[in-house]
Every structure is written in structure tokens, then in C-alpha cells.
Amino acid sequence: MDEQEIQRLVEEVSLQYFGMPFLHKAMFNSRLRTTGGRYLLNTHNIELNYRYYEMYGKEELVGIVKHELCHYHLHITGRGYKHRDKDFRELLKAVDAPRFCKRMINEEKGKKVYMYECMECSLQYVRRRQINTKRYVCGKCKGKLILIKKTS
């Protein structure tokens, strides 16, 4: 899905569910990490997270678009557009938009694991942070530690 398709989708959803046109820009923002989308108050544009579309498909994206359009139309008409406002919550229910989007499954960020072993007593240590083996020693026998495995 490219920028023109997302613009067309937002305009269609706006007319279908809200009965009002969307007159500004809708675009994907690759810098969004934990949020499905955002409505920009200054420019009235809507930014969407492309990774939600890749992960959950068009249905979830339409839900995110409806949520952001609730912010948009309420702000344009001068009513309460914030999450805590009654107008916003009522409009969410009326158009069946989600209040929150699904959690992002973060598969690309694997946790690094470092495995150290004592050269004297062979005790193994598993750590998430790398340690300085010249400075730290085994807590059991004070032997020297060596890095045996690093997984990412």
C-alpha cells in the first residue's frame, strides 16, 4: 500500500463512517514505533504506522484510521477531541472504532544474551548485559571469567 492508496482509504472511511470529507493529507510515518497512528493538530494531517498494516492487515489499519478520524473531525468541528473527552468516546462507539490498537509484536528486537564461564570452577553465568571480564571475577571461587557464547 502506497501513499495514494492510504489517502484514498482515509477519504473513503471518512465519508462512509462520518459523512464528512477528509480534506488533509494521510501518510505513513516509518518513525512511529509503539503507536498505530497519530493526528497532528497543527497541520490536521494523519500519520499511520506501516508496520501495523504489515503485521495485522487492512482491517486493523481501518480501525486505526477510524480512531484518528475521530480526533480529526472533532477537532475540526471544535468539540472535545482528546481521549478523555466525552464527545470523543461517544464518537468512537458510534463508528465502532477501537480505543486502543493491538499490541505490536516486536519480533525483530531479539534479546542479547551473554554466557560467561569461570575458568576455575566451570560455573556458568548468563547475563543480558556485557561485563568487563578483566574487572569482574567469579563470585564463587574468584576465578577468571571468559565469554563463551553471545546470542542476539
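Placed from the backbone N, Cα and C atoms, the Cβ positions cover glycine too.
Annotated features, as they stand in Swiss-Prot:
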| type | residues | note |
| --- | --- | --- |
| DOMAIN | 7-148 | domain 'SprT-like' |
| BINDING | HIS67, HIS71 | Zn(2+) binding site |
| ACT_SITE | GLU68 | active site |
Please list residues from the chain of HIS67 (Zn(2+) binding site) whose Cβ is under 8 angstroms from its Cβ, counting only those at least six apart in sequence.
GLY36, GLY37, LEU92, ALA97, PRO98, ARG99, CYS101
Mind giving me a neighbour count for HIS71 (Zn(2+) binding site)? Other Cβ atoms within 10 Å of its Cβ, every protein chain shown.
22
Once the chains shown are all counted, how many other Cβ atoms turn up within 10 Å of the Cβ of GLU68 (active site)?
24
When DSSP states are grouped into helix, strand and coil, how many residues of the domain 'SprT-like' (7-148) land in each?
49 helix, 25 strand, 68 coil
